[in-house]
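K.L.:
Okay, so TrEMBL annotates it like this:
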type	residues	note
DOMAIN	23-208	domain 'FAD-binding PCMH-type'
BINDING	51-58, 141-145, Asp154, Leu198, Arg216	FAD binding site
BINDING	Gln559, Phe590, Arg704, Ala871	Mo-molybdopterin binding site
BINDING	Phe706	substrate binding site
ACT_SITE	Glu1036	active site, proton acceptor
Amino acid sequence: PTQDLIFPPELMTPVVLHQTRWFRGERVAWVSPVSLEELVLLKSTHPQAPLVLGNTALGPEMKFRGAVHPLLISPSRVAPLFEVTHAPQGVWVGAGLSLTQVQMVLEARVEALPQEKTELYRALLHQLRALAGQQIRNVASLGGNIVSALPNSDLNPVLAAGGCRLRVASDGGSREVPLDQDFFRGFRTTLLGAADVLVAVFVPETRPGEFVRAFRQAPRKENALATVTTGMRVVLGPGAVVRDVQLYYGGVGPCTLRAARTGQALLGRPWGEAMLQEAYSVLLEEVVLPPGAVGGKVGFRRSLTLSLLFKFYLEVQQALALMVRPGPGPRELSAIRPLPCCIQPGQQGFQEVSGSQSEQDAVGRPVMHRSAPAQATGEAVYVDDTPPPQGELFLALVTSTRPHASILGVDVSAALRLPGVLDVVTHADIPGHKARSFMGYEEELLADKEVSCVGQLVCGVLADSRDRARRGAAAVRVRYQDLPDPVFTVEDAVQRESFFLPRRRIERGDVCKGLETADHVHSGELRLGGQEHFYMEPQSVLVVPVGEETEFHVYVSSQAPTITQEAVAETLGVPSNRVTCHVKRLGGAFGGKVTKTSILAAITAVAAWKTGRAVRCVLERGEDMLITGARHPVLGRYQVGFMEDGRITAADLQYYANAGNTVDESPLVVEKMVLHMDNAYNIPNLRGRAVACRTNLPSNTAFRGFGVPQAAAVVESMITDVALCLARPAHQIREVNMYRGLSVTHYGMRFDPENLWRCWEEVKGRVGLGPRLEALRSFNQDHRWRKRGAALIPIKYGVAFSEAFLNQAAALVHVYKDGSVLVSHGGAEMGQGIHTKMQQVVSRELGVPSSQVYVSETSTASVPNSCPSAASYGTDANGMAVRDACQKLYKRLEPIRTKNPKGSWDSWTRAAFLEKISLSATGFFRGPDCYMDWEKMEGQPYSYFTYGACYSEVELDCLTGDYRTLRTDIVFTFPPGLGLYTLEQLSFSPGGLLYSRGPSQYKIPAVCDVPLSFNVHLLPDSNNPHAIYSSKGIGEPVLFLGSSVFYAIKDAVSAARAESGLGGAFPLDSPATPERACLACATPFSQRVPVSEPGSFTPWALNI
């Protein structure tokens, strides 16, 4: 038996294969013709009907932009679109072939022909191998890629530069069309008519003296739309004189652009440096982007037009050197040297358990996640996998389109007229509390009279299907009156004193005196962008009315079932005992499924209460990103005083966090910033202030690290600036200032940094720091356009909640007569393996194999009043509660074991039942009494500190900003921090609309971003008396260590700046995207690009 879907046999008959097939749905018809003539007839009859093959362009438009096409034409059985015909001077490639098939055709031509004839084929292969991902290339068609006419197309510039031709069919017959500058008419438009069908593409062979190259720069190495692409071709005559040149660019205008004037300026010139310098001047004048151009990155894109031309020049020079003439030296050729890509062996080290430990005791052993097989096979059940209850409805949300406005009216009449739409839920329908309160502020569940951000929830539409609910939501019309002066940036908020109170401040020593007595004083700042949670499972809720005494079951993807239970109960005006929350597992959370989830669950519950039917609400990725907020963007400013030997005498730090439109947990986030502003450094005179800025962006919320990744990054930026000012290695400045011996934090908490130093020294020893840094210096001397950098970063992270009541936990353990054990606890399984670890606890405490232990869902009916799974404290707290319950049970079984010491576990449990001994027990853990007195600026807000260190080494392409992490050694996870500091970037329009609402605009780390050599080790023999079995909370602390890549990039940028005669400290904001890294390198190319005066134009995106 198999679970694979079979292809319907009736569609495989010969009759079906040779006849046109029509499929008709509620709003769309699908037709599949079998001949080119029939296809042309269909297009002439229905010119606006799109052709669909891979659906890689049309599908996203229909799903995410609401595009509707009454007729879709599938030409997948039209044979001429898939033919490959070899001609004397090239090859005709069917426009219907997938990009993978095209790649195979071109690879075969490269293999069969002399190299001089395959210049164009190899350039196309270069682009094809980086275009999208393999799955996309397997279905996306060549013709679709061409006629989509994306402004940043990877293939069109190369095809145009190579002189390719198109065969086009229409009701007027067949014709050939040159693929050149006249083919592209504007944004996603070409000279092809609506009824034209692209049949095939002619790709010519090249001739001796003809050189073709293609280049691209993209935000991520794979699966990313390009920022700028190029296709460049030159034909050189005797003496390397330019006889013909074609320069095409993508990503620098509304369509593929030919630099005709630049090409004309090169004709008749010898291929050399003088020609190149003139080309730069003409190109800079010819390819102009307005400062507010769509897509932003204007300076970067213009710089790339120059640097990619330089790469083309060097490629041709190198090819000429292989033939007849001397070429550039290896230092210059570093510009076209590819970044390393070979994966090196990595290591993951575990500490061996004691030989005396029982074989069935799983504690301390590397154990596979208990749900891994089910997750890998797709059998793991998430909220949206729950079978629909009878009569289930779907809820789609209507969100604000204005950042700051009064609501004049909500017109739902058009929505209610749509098929399947049953009702609408508004603010007036809420029977209980209409807002959630936190820290003295209220957040409306559904907006009533005013909205304060784009994406704020206004109402919800109920329908009998998901698609119908979304169509209904799109039909709702909200009338607004804009309110003046929306606030978007922290600078705006500071100017208008728009804050969420309280502000937080900690100071020790005399900062003013410490600055006065320092040898040097430096001021700087670091701006850190937000970060989307990007959990695999979006926000998901299913609320089922039980039908008796207003009882509800809530199936929810939440880190905090009790908070969700309370929100639903308060909103409906019922006691909490009428609401049961069920959490089986979460497909990721990272802090983003606490407050916003409870609000979504409350709104869904109102819909279920109003209709008396089960209601499901599952957000699309774009909705989720728009509505739920992200990590807080932070502006950190600092003034630091330091001595000639690198010792820091004083530091004054100020943190401004962009909280968004509601308070959420922002005051707690800024608290944690000032508590961690020392990171691992003992600064005698230290002052830190932090404030949450109230703006008209979607409210930001908790995220893994809870402010620490931002706070510690600012401190490390300060340390790095000190090193740059003194022209000393940064790791030396860190060592001089790190805590030593028994120490006291700036808020008076005592600790021993021994393990901090052990982590630090172990990483130094494993990488061989001295020789590695010397090798980096040697590499940088030998390479003009490639630079390597390295950074070694420590972390000291406080574990547990500073509010003591949040550190408690409870558990319920049942033992059945057959000896099997059922465990319920208050922690939420969200991929971190808490259920697996609870199995290990039970296995040790009861002396049973893990296979006999089952951990059930987290439910408020089994374990009440649970605290959120957060702060890296879930295992510590719930593990102690489970142990408490197990120890009670084990003690109850003592008389049974005494009577039958050689009996088995299941014989003891059966005997206990016969002797009327309870085999069920609750466990409780009170947790540490953490506290912080903000008036006295002292306290013990954490149970203990977790320590780690990480070394990273990168190689940077100074011309494009692309980099590769060569090596990472971590004594301690890594990719989320890597994305935060180097890749993930949220973009907002000048009107406060989030641009980056999906994976095409927002890039998270992929396999291609993993360090080529990745070595992970746990610190051996590290005792922790404050947690169960010496456990250490590592969920959050290690995220910050991803900043080691950021500071390695900054180190490489510093080496690049030295080539331009620039030294000392310089700004580099986070994330260190290719754009920022490239511009910070200050190459001659980026310095040629004029910079527009801020305030003289409206930028495409806000600098949040």
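From the backbone N, Cα and C atoms, a Cβ is placed for every residue, glycine too.
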K.L.:
What mean pLDDT does the predicted model reach across the domain 'FAD-binding PCMH-type' (23-208)?
P.N.:
95
K.L.:
Taking Cα atoms as reference points, which of the binding-site residues Gln559, Phe590, Arg704, Phe706, Ala871 is nearest to Gly143 (FAD binding site)?
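P.N.:
In terms of Cα distance, Gly143 (FAD binding site) lies closest to Phe590.
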K.L.:
Quick one: Cα separation, Ala871 (Mo-molybdopterin binding site) versus Glu1036 (active site, proton acceptor), in Å?
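P.N.:
Just about 7 Å between their Cα atoms.
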K.L.:
Beyond Gln559, Phe590, Arg704, Ala871, what residues of that chain have CB atoms within 8 A of the centre of the Mo-molybdopterin site's CB atoms?
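P.N.:
Going along the sequence, the neighbours appear as Ala589, Gly591, Gly592, Ala702, Phe703, Phe706, Ser869, Ala870, Gly1035, Glu1036.
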K.L.:
Restricting to the chain of Gln559 (Mo-molybdopterin binding site) and a gap of 6 or more, list residues whose Cβ falls under 8 Å of its Cβ, or answer none.
P.N.:
Leu586, Ala589, Gly591, Lys593, Val594, Thr597, Ala828, Met830, Pro868, Ser869, Ala870
K.L.:
Near Phe590 (Mo-molybdopterin binding site), which of the recorded positions Leu53, Ala57, Ser141, Asn145, Leu198, Glu1036 can be found within 10 Å, Cα to Cα?
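P.N.:
Near Phe590 (Mo-molybdopterin binding site) by Cα: Glu1036.
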K.L.:
How far apart, in Å, are the two Cα atoms that lie farthest from each other among Gln559, Phe590, Arg704, Ala871, the residues recorded as binding Mo-molybdopterin?
P.N.:
12
K.L.:
Considering the binding-site residues Asn55, Ser141, Asn145, which residue's Cβ sits among the greatest number of other Cβ atoms within 10 Å?
P.N.:
Ser141
K.L.:
Can you figure out which of Arg704, Phe706, Glu1036 (the recorded positions) comes closest in space to Ala57 (FAD binding site), comparing Cα atoms?
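P.N.:
It is Arg704, whose Cα lies nearest.
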K.L.:
I need the most crowded of these binding-site residues: Ala57, Ala871. Count other C-beta atoms within 10 angstroms of each C-beta and give me the top one.
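P.N.:
Ranked by Cβ atoms within 10 Å, first place goes to Ala871.
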K.L.:
Which ones in the same chain are close to Leu53 (FAD binding site), with CB under 8 Å and 6+ residues apart in sequence?
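P.N.:
For Leu53 (FAD binding site), the qualifying residues are Ser74, Pro75, Ser76, Gly96, Ser98, Val139, Ala140, Ser141, Gly143, Gly144.
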K.L.:
Out of the recorded positions Arg704, Phe706, Glu1036, give me the one sitting nearest to Leu198 (FAD binding site) by CA distance.
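P.N.:
Result for Leu198 (FAD binding site): the nearest of the recorded positions is Arg704.
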K.L.:
On a C-alpha basis, identify the one among Leu51, Asn55, Asn145, Arg704, Phe706 that is nearest to the residue listed as 'active site, proton acceptor'; the candidates are the binding-site residues.
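P.N.:
Closest candidate to the residue listed as 'active site, proton acceptor', judged by Cα separation, is Arg704.
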K.L.:
Can you name the residues of this chain that are 6 or more positions from the residue listed as 'substrate binding site' yet have a C-beta less than 8 Å from its C-beta?
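P.N.:
Result: Gly591, Glu665, Leu668, Val669, Lys672, Ala870, Ala871, Glu1036.
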